[in-house]
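Participant: First, the structure itself, so that you have it in front of you.
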Amino acid sequence: MNPNQKIITIGSISLGLVVFNVLLHVVSIIVTVLVLGRGGNNGICNETVVREYNETVRIEKVTQWHNTSVVEYVPYWNEGTYMNNTEAICDVKGFAPFSKDNGIRIGSRGHVFVIREPFVSCSPTECRTFFLTQGSLLNDKHSNGTVKDRSPFRTLMSVEVGQSPNVYQARFEAVAWSATACHDGKKWMTVGVTGPDSKAVAVVHYGGVPTDVVNSWAGDILRTQESSCTCIQGDCYWVMTDGPANRQAQYRIYKANQGKIVGQTDVSFNGGHIEECSCYPNDGKVECVCRDNWTGTNRPVLVISPDLSYRVGYLCAGLPSDTPRGEDAQFTGSCTSPMGNQGYGVKGFGFRQGTDVWMGRTISRTSRSGFEILRVRNGWTQTSKEQVRKQVVVDNLNWSGYSGSFTLPVELSGKDCLVPCFWVEMIRGKPEEKTIWTSSSSIVMCGVDYEVADWSWHDGAILPFDIDKM
């Protein structure tokens, strides 16, 4: 066979192989179309079966592919349904970490907002961290002077719980230097307070749209909770204060449905002071543990019924939970009166557990450092000092700050009771540290059926930043 014949032979064989390969592909495609196109194929080919087990819990999506089943659980919530939130608070033995955002550590090199007053609130499908920005980023010149509480640059924004308050994932909620937010099962409602001290306005948003307003009625820094409001069967409740921070002020409870205010009532509390309430649903009512910035080192308690009737007093426990405060041994509790004669204060929280109470407080008696939560037997109804449990969340070598409450709804947790949760703000920068800015990160804890060991989930950022050295 001469060279030309060899070339022709090899070429013919190659062409034959190519044609054979093409025919195999064509046959494969035809067989696949015929098999997948059949109806009633006994479930052995690609088929999706959707079974709704409970309209408020999940859809079970089963995909069967050549006798191999893949089960994917898809969270499902009927957005036309209100959350109930009339269940009791779960009885818990300790609190386990839920999330930590590490915002300041990340912000040394990332695009993270300068914030204060972070808080958490949950819908039937997710929890979000809300926070008040200063309209500036960490490690940037506009962070200078952000120790100031109220400015036209402050806004309420939110991210999924656990995310840092960063530029790329944050969602705008309202223009605000004081705020609250909650979900009724259908949409988010936010209340953002902004404007001048003497004529501040609270703008109610529902589903992201302004729906109502509350104007300052006392002309002295209208303000609200700085934590989650509370929705029960479609109605949402929150508490507002207008008046002095260091003497008698005025207090109101508001009730809204789909972002429209449908009721309000003044709280009569002569001699007592209410600010920055931390509220949660329990047994069909709203229970709030607040801040007395006037005299008391015990915390005001406000229990709100759906008809806006209320009971107001103080947390009975014989242990103080505000800061600054005196020695535990020298404190005598009261269910009706402020005790301790210490001005100023810090936002805090408590949870009723039957007649017991879980109460959070800074470890330091004089500064916002460290954080612990105590369970006091009969502390909701009596001046008891009996601690049955204590858990450290931030050690006393590290800064803390505000703290507040929220609950996991049964639609989210799958339990038949409301899981009690709390967050602790960890303030960094001015006035305690040598920076030009003030900001914070947070740790979030939720109740569990087990005791949890003490540890310190502190902020951990190394200061000062580059901007502070310029």
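Glycine is no exception: its Cβ is also placed from the backbone N, Cα and C atoms.
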Participant: With reference to Swiss-Prot, specify which of the listed residues CYS45, CYS90 is paired with CYS417 by a disulfide.
Facilitator: CYS90
Participant: If you pull up Swiss-Prot, which of CYS277, CYS279 shows a disulphide to CYS290?
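Facilitator: Among CYS277, CYS279, the cysteine that Swiss-Prot links to CYS290 by a disulfide bond is CYS277.
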Participant: Looking at the disulfide bonds in Swiss-Prot, identify which of CYS182, CYS279 pairs up with CYS229.
Facilitator: CYS182
Participant: Can you match one of ASP242, ASP266, ASP322, ASP328 to the Ca(2+) site that Swiss-Prot gives for ASP292, GLY296?
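Facilitator: As annotated by Swiss-Prot, ASP292, GLY296 share the Ca(2+) site with ASP322, chosen from ASP242, ASP266, ASP322, ASP328.
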Participant: With reference to Swiss-Prot, which of the candidate residues CYS279, CYS316 participates in the disulphide bond with CYS288?
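Facilitator: That would be CYS279, the partner Swiss-Prot lists for CYS288.
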Participant: As a test of reading the model: what is the averaged pLDDT for the region 'Involved in apical transport and lipid raft association' (11-32)?
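Facilitator: PLDDT averaged over the stretch: 75.
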Participant: Quick one: pull the CA-CA distance for CYS127 (disulfide bond) versus ARG116 (substrate binding site), whole Å only.
Facilitator: 19
Participant: Report, in whole Å, the straight Cα-to-Cα distance of ARG291 (substrate binding site) from CYS316 (disulfide bond).
Facilitator: 14
Participant: Pop the Cα-Cα gap between TYR402 (active site, nucleophile) and ARG116 (substrate binding site) into the table, whole Å please.
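Facilitator: That comes out at 9 Å between the alpha carbons.
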Participant: Fewest neighbouring Cβ atoms within 10 Å: which of the disulfide-bonded residues CYS229, CYS316?
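Facilitator: Among the disulfide-bonded residues CYS229, CYS316, the lowest count of other Cβ atoms within 10 Å belongs to CYS316.
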Participant: In Å, rounded, how far does the Cα of ASN144 (N-linked glycosylation site) sit from the Cα of ASN398 (N-linked glycosylation site)?
Facilitator: 23
